[in-house]
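S.K.: Features from TrEMBL:
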type	residues	note
DOMAIN	79-159	domain 'Cadherin'
DOMAIN	160-268	domain 'Cadherin'
DOMAIN	269-383	domain 'Cadherin'
DOMAIN	384-488	domain 'Cadherin'
DOMAIN	488-605	domain 'Cadherin'
SIGNAL	1-24	signal peptide
TRANSMEM	615-636	transmembrane segment
Amino acid sequence: MRITSTSCICPVLVCLCFVQRCYGAAHHGSIKVTRNQTKHIEGETEVHHRPKRGWVWNQFFVLEEHMGPDPQYVGKLHSNSDKGDGSVKYILTGEGAGTIFIIDDTTGDIHSTKSLDREQKTHYVLHAQAIDRRTNKPLEPESEFIIKVQDINDNAPKFTDGPYIVTVPEMSEMGTSVLQVTATDADDPTYGNSARVVYSILQGQPYFSVDPKTGVIRTALHNMDREAREHYSVVIQAKDMAGQVGGLSGSTTVNITLTDVNDNPPRFPQKHYQLYVPESAQVGSAVGKIKANDADTGSNADMKYTIINGDGSGVFSISTDKETREGILSLKKPLNYEKKKSYTLNIEGANTHLDFRFSHLGPFKDVTMLKVIVGDVDEPPLFTMPSYVMEVYENAKIGTPVGTVTAHDPDAANSLVRYFIDHNTEEDRYFTIDASTGTIKTAKIFDREETPWYNITVAASEIDNPGLVSHVPVGVRILDVNDNPPELARDYDVVVCENTKPGQVIQTITATDKDNSANGARFHFSLDEGLSLNPNFTLRNNEDNTASILTRRRRYSRTTQDIYYLPVLISDGGVPPLSSSSTLTIRVCACERDGRVRTCHAEAFLSSAGLSTGALIAILLCVVILLAIVVLFITLRRSKKEPLIISEEDVRENVVTYDDEGGGEEDTEAFDITALRNPSAAEELKYRRDVRPEVKPLSRHHPSSSLDSIDVQEFIKQRLAEADLDPSVPPYDSLQTYAYEGHRSEAGSISSLDSATTHSDQDYNYLGDWGPEFKKLAELYGEIESERTT
């Protein structure tokens, strides 16, 4: 099958296509492919040759943007099997088949039914096939071909980033690059000149130029001055077809601004200025302004003003306002019309940021002369000093002169001055002032320890013009006199250990004095000489404003005395010297061997345990409740009396207990216990007092000789027999106890009851070295030793 296209093949070539089909040759881009053939040669095996297609293939072209009324002819498909009898049917498939491209199934002519745009799609891939119209069987294999959309110049160049805003420094060299602009053309750059763009400048000459190929914009003049013209609007055109006639074009605007450089020096509008300043102007206040003009902007116009010479350079100062770039003239010293009536100042204004490329345009500074005229005004009185400091003793009487202030009228009239104190604060009420002389006197009694310094304000006004008032601060220092005795620096909690040694320092004390160092900085400590010598403690003056408390005994006992009081006399070194007496409270506490306090009296123990008042009250309430329960229980037991024998039927074993403990071995009045000490001293048996005997007891009289000879064992057996035979005892068993210790030993008693009356010189200090198990024993014997020593 052969494909032809009238858009690219002339009629001569059409004729050649028929010759090609006859001879099977392909010329001018045509290829003839026959069907697969197999050749048999005698005596040789079957040989398969390369198959050839039965198509004549060509690439089609179709112009874009076709606007004709009829469909645009694209090309023709023709098969070798087509004899022209209509038996061959051509089928077209692929991109756009049936919608954009249609085919005549009999002739094979292809037409385009729509206007195509190459910028949207450049080519279409389709497939063609020839089939037998009767059998619908393919006569040729399916073949693929391409229809390309041929470009025309239908798109103008476009500046996608415009309009542009760009800056360039003023005074730049000619040819300085400003900006490069780029235009894009949607046409095919590989076909013709449709996409070949050339740049040109439509507006902005002769200041700027543009490179026609690259689109680079450059300055076209030397030394373009921003102060002359700052903004430029440049129009750049891009034209395709290499700028030829008939090409399409597009344009953009480039807004160019010249940026400032420091190429203009500052200039004062005048060479001479005059300024009026009244003599009443306050020091530090602004009295005038001056400004030098600079055509530059931003930091290039920043400047600094200075006073370079003149007789007023020490009286006035000048500074620069950063916002307005003005010179602010201020007053450094007070003006006095009577002394000087005018001043002359030379003021310079200079740029602070210089560009040395333009130094030839300088100098970048200017000088002008300012004359300051001082105006005369009626001034308030002037004090001879800016402030006063006076002194007075704290024991000064009311009306004592403290000092004198002096003021005068600075004007030529020299009016009289009146003085007074502004009683605005409480401190001002401690002083008075003489209205004529300015002498300040005391009005109250002072206490330096309460207020050591007073600040008052004295005012002075002219008698002729009371509205003009001036003020001066006056400080009054209160001088000290020795009127406060020394006292202890704090409340000392002095503790002495029970096992302390004589001469041991238990506390170092210091003192304070409300007076200053000139009256009482040196302290002397001593014990009160009016009292007798203290046998327990002594005091040592350390000569450094401290004193040490020392012990004079070997041991102290809390049980004997837990608190000692030591009066201490303290005197200062003032004139006259003053003294005071303070009493130190010394507590006796039990300490460890290393001197750490272990416990003191009950109050200290509770305090150290951290018990609060609420906890102590709760404990006391619990104790009271327990005591009330015990008393109630005892009362109930005493009020309840039960007979020893409840009934005759209730016979059981019981133990009768008597809770009468007596007074011990030393108690001989409660009842006679001689019978228990020695059976020989026992008298005749007494009847029981708890029950009344119904029968007369047996005779219990024994001669004294038998009692002397009986031993304790026989005595107990005899008592047991009598108890068994006694009809008056209760009908149950009872327990009788005899605390008989036996006869007196020849070696004497080993009891400790009478040991308190004996004396021993033995030293029990070694018990303290036996460890914590014997600590309490060491304390007990230490207390006994301490009491005996006392």
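Here the Cβ of each residue, glycine as well, is placed from N, Cα and C on the backbone.
Whatever TrEMBL says is automated annotation, not expert-curated.
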S.K.: Going by DSSP assignments with H, G and I as helix and E and B as strand, what are the residue counts for the domain 'Cadherin' (384-488)?
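M.R.: Residue counts in helix, strand and coil order: 4 helix, 47 strand, 54 coil.
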S.K.: Give the residue counts of the domain 'Cadherin' (160-268) per reduced DSSP state, in the order helix, strand, coil.
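M.R.: The breakdown for the domain 'Cadherin' (160-268) reads 3 helix, 45 strand, 61 coil.
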S.K.: Pop the mean pLDDT for the domain 'Cadherin' (488-605) in here, whole number is fine.
M.R.: 84
